[in-house]
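Take a look at the structure below.
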Amino acid sequence: DLVEFGFMIRCANRNSQPAWQYMDYGCYCGKRGSGTPVDDVDRCCQTHNECYDEAAKIPGCKPKWTFYFYQCGSGSQFTCRKSKDVCRNVVCDCDFKAALCLTGARYNSANYNIDIKTHCR
């Protein structure tokens, strides 16, 4: 779910951007998105949105509200705990990949809270 995703971002990005700073970033972070992603951070969010779209095709799966378990270890090491529930596994994997992607992407504060009507066509 989105709350766990926020914690996972915090786990992966220790001493970096807080999760809330990704909620209104670029064309895809924190919103459905359209147009060309503004940078690598935004591309991570676009891919995450697409992953959630695929997860939503699993009967009964609601990715934004599906709780899962993961373990945050030392450093920025974290893993999804496998479940018998396919939806939970897929959603955790979506969030895991996005958190890793965000770790490797350079955050540009100029892309926070941009005018999507101008920049996201």
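Placed from the backbone N, Cα and C atoms, the Cβ positions cover glycine too.
C72 (disulfide bond) carries a strand DSSP state (E or B). Annotation for C72 (disulfide bond): spatial neighbours F7, M8, C11, F78, criterion Cβ-Cβ under 8 Å with sequence separation of six or more. Annotation source Swiss-Prot lists disulfide bond at C11-C72 (among others), citing similarity to another entry.
C120 (disulfide bond) falls within neither a helix nor a strand when secondary structure is assigned with DSSP, and so counts as coil. The disulfide bond feature in Swiss-Prot is assigned to C27-C120 (among others).
Note: C45 (disulfide bond) has non-local neighbours Y22, Y25, G26, Y28, C29, G30, G33, P37, A98, i.e. same-chain residues 6+ apart with C-beta under 8 A of its own C-beta. Annotated disulfide bond per Swiss-Prot: C29-C45 (among others), in sequence order.
The disulfide bond annotation in Swiss-Prot covers C44-C101 (among others). In the structure as shown, the Cβ atom of C44 (disulfide bond) sits within 10 Å of 25 other Cβ atoms.
Look at Swiss-Prot and you will find C51-C94 (among others) tagged as disulfide bond, backed by similarity to another entry. The number of other Cβ atoms within 10 Å of the Cβ belonging to C94 (disulfide bond), over all protein chains shown, comes to 24.
Non-local contacts of C87 (disulfide bond) by the CB criterion (under 8 A, 6+ apart in sequence, same chain) comprise A55, I58, G60, C61, P63, T66. C87 (disulfide bond) falls within a helix when secondary structure is assigned with DSSP. The disulfide bond annotation in Swiss-Prot covers C61-C87 (among others).
Cβ neighbours within 10 Å of C80 (disulfide bond), excluding its own Cβ and spanning all shown chains: 19. Residues annotated as disulfide bond in Swiss-Prot, with similarity to another entry given as evidence: C80-C92 (among others).
The disulfide-bonded residues in question are C27, C29, C101, and the one with the fewest Cβ neighbours inside 10 Å is C101. Separating the Cα atoms of C44 (disulfide bond) and C51 (disulfide bond) is a whole-number distance of 10 Å.
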